[in-house]
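I have placed the structure first, in the form of structure tokens, so that the comments after it can refer back to it.
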Amino acid sequence: MSSKYPRSVRRCLPLCALTLEAALILLFYFFTHYDASLEDQKGLVASYQVGQDLTVMAALGLGFLTSNFRRHSWSSVAFNLFMLALGVQWAILLDGFLSQFPPGKVVITLFSIRLATMSAMSVLISAGAVLGKVNLAQLVVMVLVEVTALGTLRMVISNIFNTDYHMNLRHFYVFAAYFGLTVAWCLPKPLPKGTEDNDQRATIPSLSAMLGALFLWMFWPSVNSALLRSPIQRKNAMFNTYYALAVSVVTAISGSSLAHPQRKISMTYVHSAVLAGGVAVGTSCHLIPSPWLAMVLGLVAGLISIGGAKCLPVCCNRVLGIHHISVMHSIFSLLGLLGEITYIVLLVLHTVWNGNGMIGFQVLLSIGELSLAIVIALTSGLLTGLLLNLKIWKAPHVAKYFDDQVFWKFPHLAVGF
């Protein structure tokens, strides 16, 4: 059986990808160099371990989390790794160019790699809404546009609102979710009759998705604390994230059983809701003064995630035609907004406790940053969706959505692989 992947794309994609990689190599040759400062060995090892945690989360966690479609698990894992590798390279260059004026040599440090990895992770989150409906060439365009849009957002927030690295990246959950949902909304929506089977989850891919959720669950404190400079803030961020995640697990399993008429547990609900606490405390994890607050936030986040996973597909998939919206929307966008609201409330309380009279100004700044992030996400997502609809990319036909056979060579073709 011959591949249904358009022949023109199969022929030009390797050449285009290698040409893009060669261009990146030249940019690294002319515009980058390693940090020559002497850093103590203990600090170097600790910094590398945080970067390693982020890479595990991105490559294994987010890669396997999106592999729950029965006939699209290979592409989900491999395409995520491809996007991560490309996104990190482009993010390092872009962050270096945007952070200095006039432009000069980009200094590569372990911290800049951490920052680039988190920027690339936003693409992997967004791609969860479109994987199975686009080819690799379209994903390359999506990586370049989204990393550029997120870098621009960070630069604008940093210059206008004068925030540090952690604060100007705290919106990346919301940004990634709404960017991905906007791109998915622009793509061809209906699945033809007879192809709905490709959109179904199976037991083995669901176990793979749960494995990805476990990787994310174990290493999520590293994401929430990766860009914090103060040791006290890093400690608070890690502790509060662990407490919130622990409560999310209990809430996910209990809530999943409660949501089923026969009190059975749904793997789909569980592998999304166990991560709810980590997303919800991501923005404010360093400000939470007591573990019980993080635990309450994890409980509320778990319930919202279960409710979103149960209710949103019924109304949103039919109205918007966006597949996989349950995980994307109930985890990252809804809980990202919950985290933003929590941050504003804690900021107000912190300002009152310290006797600062600038409460209204601080709230206005926070709302302005969030609004700017959503506007840029929707605008750049719409632009990306329109670009991906161009015929030059030879997008997969809707009859071949969520089908690994379009992209991969199999040693044998068997029904239900």
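Cβ atoms here come from the backbone N, Cα and C positions, even for glycine.
Bear in mind that the values here come from a model prediction, so they are computed numbers and not experimental data.
Taken straight from Swiss-Prot:
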TRANSMEM  12-32  transmembrane segment
TRANSMEM  44-64  transmembrane segment
TRANSMEM  77-97  transmembrane segment
TRANSMEM  125-145  transmembrane segment
TRANSMEM  172-192  transmembrane segment
TRANSMEM  203-223  transmembrane segment
TRANSMEM  238-258  transmembrane segment
TRANSMEM  265-285  transmembrane segment
TRANSMEM  287-307  transmembrane segment
TRANSMEM  331-351  transmembrane segment
TRANSMEM  358-378  transmembrane segment
Region pair the transmembrane segment (331-351) / the transmembrane segment (12-32), three or more CB pairs under 8 Å | no
Do the transmembrane segment (358-378) and the transmembrane segment (172-192) come together with 3 or more C-beta pairs under 8 Å, pairs six or more apart in sequence?
-> yes
Selection from 77-97, 203-223, 265-285, the stretch that has most Cβ pairs under 8 A to the transmembrane segment (12-32) = 77-97
Mind pulling out the one from 77-97, 203-223, 238-258, 265-285 with the most Cβ pairs under 8 angstroms to the transmembrane segment (44-64)?
-> 203-223
Are the transmembrane segment (203-223) and the transmembrane segment (265-285) close enough that 3 or more Cβ pairs fall under 8 Å, when only pairs 6 or more apart in sequence count?
-> yes
